[in-house]
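Lifted from TrEMBL, the feature list:
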TRANSMEM  34-54  transmembrane segment
TRANSMEM  66-84  transmembrane segment
TRANSMEM  90-109  transmembrane segment
TRANSMEM  130-149  transmembrane segment
TRANSMEM  169-194  transmembrane segment
TRANSMEM  206-230  transmembrane segment
TRANSMEM  236-257  transmembrane segment
TRANSMEM  264-281  transmembrane segment
Amino acid sequence: MASLMQTAGFPLLYLPLLFFPSFNKQSPSSSNNITHYVVYFSLGCLLAIDNFMYTVGVKPLSISTYSLLCASQLVFNAVFSVVINCEKLGILTLNSIIFITVSASMVAIHPDSSETKRDEKNPVRKNEHTIGFISTVGASAGYALLLSLTQFSFDKILKKDRFSVVFEMQIYTSLVSSFVCLLGLFLSLEFMDLKSEMEKFDEGKVIYVVSLIGIALAWQICTVGVVGLIYLVSSLFSNVVSMLSLPFVPVVGVLLYEEKMDAIKVLAMLFTLWGFASYIYQQYLDDKKSKKKESQEIEDSESEV
């Protein structure tokens, strides 16, 4: 159910498409349509698997540990960006990758006092904790791959010059992902427990339903932003921007979930912030260099004239 809610809100994306009249224009040929459907189906299946792995990972881990482990997706994204999207990595970008990797590793090997406290009420076996760690890191790698493949699809396959393609990508991949999650929900017989789960929810049935609706809405807003940045800039830039809030998640865990903030988590947060700052500065230098090169080319062309 948690995995399903990450994509089930996609019908709402048809509303913004009313502001993009070009959506129904420039219809591709049937052969291109088949290729597009293959892209949407493949990315949708990968999205469903990735959402499920993230959901499995968050259960045995504290919210702060989980969020810092998710920082590893930036490392995977950098690798996939070089291999799939042929991007060049500067020194500061590599510095960013190293610091974020160290940050995630520190949290991974450090015993979490918040988890210890939580385990007194809801015991988590050691193998469950290991599965949670592996699932989270694996999901981070899968998500990074998904972002890079999405950029590749925009650049090499879809090749559309209108922003509505972002909504198309999100709608069709979410449709496939939702179908896969629904299939899993029924094949696993988990749907039989939904009624009791709703009844046992501490805040009541109404809040349970409202929570699901809120989750679905929030994920759609988030994902459109992520996919939109991939379309406009790159998958690596989109990943960095989407993860800027990550260092503050442990603070939210302290405020809302009574988790403890120890020295290792603080140091990991600082490392993550430094990694983000390094990447942003590298982007600034690259952009400055690109503009200088463009201006130089314009001056050369004018002098030739």
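Backbone N, Cα and C define each Cβ position, glycine as well.
On a predicted model such as this, the values are computed, not experimentally measured, just so you know.
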Distal contacts, the transmembrane segment (236-257) - CB-CB under 8 A, six or more residues away: 62-64, 67-68, 70-71, 73-74, 77-78, 81, 85, 87, 114, 144, 147, 222, 225-227, 229-230, 265, 269, 272-273, 276, 279-280, 283
Touch test for the transmembrane segment (264-281) and the transmembrane segment (66-84), at least 3 Cβ pairs under 8 Å: yes
Contacting positions for the transmembrane segment (34-54) when only residues 6+ beyond its ends and CB under 8 Å are counted: 3, 6-7, 28, 135-136, 138-139, 142-143, 145-146, 149-150, 153, 157-158, 169, 172-181, 184
Positions whose Cβ lies under 8 angstroms from the transmembrane segment (66-84), at least six residues beyond its ends: 57-58, 93, 96-97, 100-101, 103-104, 107-108, 132-133, 136-137, 140-141, 143-145, 147-149, 151-152, 234-236, 239-240, 243, 246, 249-250, 253, 265, 268-269, 272, 275
Intrachain neighbours beyond the transmembrane segment (169-194), with Cβ under 8 angstroms and 6 or more residues off its ends: 1, 3-4, 6-10, 13-14, 37, 40-41, 43-45, 47-49, 51-52, 150, 153-154, 158, 220, 223-224, 227
